[in-house]
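Step one of this worksheet: look at the structure below.
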């Protein structure tokens, strides 16, 4: 199972929804791996997972498991990252962390390669992968920011259940059947595992993702607000978010309003600009009913943008619709892209 | 079946999703009816419908059917209203029209009783009932407009399938089962019956309601924009909308951003103001996860408002979440409220 060239890679949280997509992405992108270690909680240790035709046994993530690891991809929850990412770094690994544990740490770069790849050069062992809903939005915003500058962003999200994990997907599916069969339902996970109350997600829209802060915004909304400013290195960028969970399995959608700093391009100019943007696929032809949709995004790494149109009142304002697979570009794919950038920029230790 | 007191009432489109709710609302509100006529297309004529314990036979809507009718509630599509509303008026009826046929006609008042009941006094026989997504929004906006003035409104909608009719609801339900069973699906109605392409609504979000205009906005979006200005009698009000169809049976949700003209009340002041607002029920207690949701709104006439919070960047800006049963306050209930206002203001002919 060992190659001569490549890196010693550990995937932490290998049995989760994102971990599964990480392995698929590493496979598809043919990331150079010398040794692969699949790590998880004690509970999932012992499971078998196949990678490039070989079977791997998942091991418990312990500090010692990171001996010799050069690249560790973490996606096993914030507390695991808090406990083990420093242990991995201590042993020489560079950590790409897909939890919220380090995202706003000023010593940790928060990176979407299409937007701020160079921030990787200042890493101190840990690099944070942004929140799923933030990533797809900043990819869509970046070409506009670069050319016209950004003043204000208001986003309302339409987020898929797989962002809350595999158990949440199962809850949604079973509950959907029960509602269709007019059976009683008993929500136990959504909107937020671990919060006090749980609500029906089937055939509903829940305006809560993650818990509430004292200011009336949810943590998910504050993530979008703070992470966008950090990734774009623009503290005075106005950002507001309303995050809503939908009965969609995979694929986050976003209704985005922006005001630009300078200029007032027409919608066609913005479409051209975005169609040339890194990581973006434009799907914008209203007369043919072409626009991005969650179900069409599943399994694809692109950020899909459409419905681009001018605000009818403000010269410098625009509306558009952004969709992406929340498990791929929103999580696993972006993490592996970061890993590729680390290789390209020669930032992994030999 | 005839009462001594009350009015001769015709319900046009009695067999549709909204018609059904109209009859329920007339019953529940004990609207004074002397004679009731249930009218429909030729196709549905002959069906039996029960009202207040009596069975009625649905008749074909023809010009002559309106002889002697004092109040006609239309909800059978724009072309039926275009053809028959003038015939009803010619015969002495006042028409409350729930289609988009006359909404932007400057001789036709567009009325939400909580907002602009007095506009009824200028009617010329026809009164238009606004679009469902507009009604619930203006009910929530009105107390704020009255006290602080409104400068800008940006709304992203989360709209239920029943707004597209009973057949669309059936399509969503069957399709949901088929997707859960991993069967092939064959969308035929949504997003818009009569448009070129049809897409999966089950476990998806479709950013199209009604057809597209040349400016890149859909007709639904332009309805929200134009109707809001008309109902609020404020042509310079900035309004923008993105309308999205969800796999929800009944209950439209809306993520609303506003900028007020004067003052900068804190969120608690706005909550107090809205909890006192006509037709509004406040559901806003984040620490207890209390906020409005589509499934909780079904069958209730209220407009539910929650998640009220200040924008973090602009002093005069706020965000909130508005939910209402699109078939009730969004359609049937508002039409019957208009009828009640006509009675109260003595505007029905004897």
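Here the Cβ of each residue, glycine as well, is placed from N, Cα and C on the backbone.
Automated prediction, rather than curation, is the source of TrEMBL annotations.
For the NADP(+) site that TrEMBL gives as A:15, A:16, A:17, A:18, A:43, A:44, A:162, A:163, the extra residue drawn from A:326, A:334, A:346 is A:326. Residue A:17 (NADP(+) binding site) sits 17 Å from residue A:245 (substrate binding site), taking the CA atoms of both as reference points. Around the Cβ of residue A:252 (active site, proton acceptor), a 10 Å sphere holds 29 further Cβ atoms from the protein chains shown. Packing around residue A:132 (active site, acyl-thioester intermediate) is summarised by its Cβ count: 28 other Cβ atoms lie within 10 angstroms of its Cβ, all protein chains included. Filtering of the binding-site residues A:15, A:43, A:326 by Cβ separation from chain B (threshold: under 8 Å) yields no residue. Annotation: A:245 carries the greatest number of neighbouring Cβ atoms among the binding-site residues A:43, A:103, A:245 [cut-off 10 Å, Cβ to Cβ]. Put simply, residue A:132 (active site, acyl-thioester intermediate) is 12 Å from residue A:103 (phosphate binding site) when counted between their Cα atoms.
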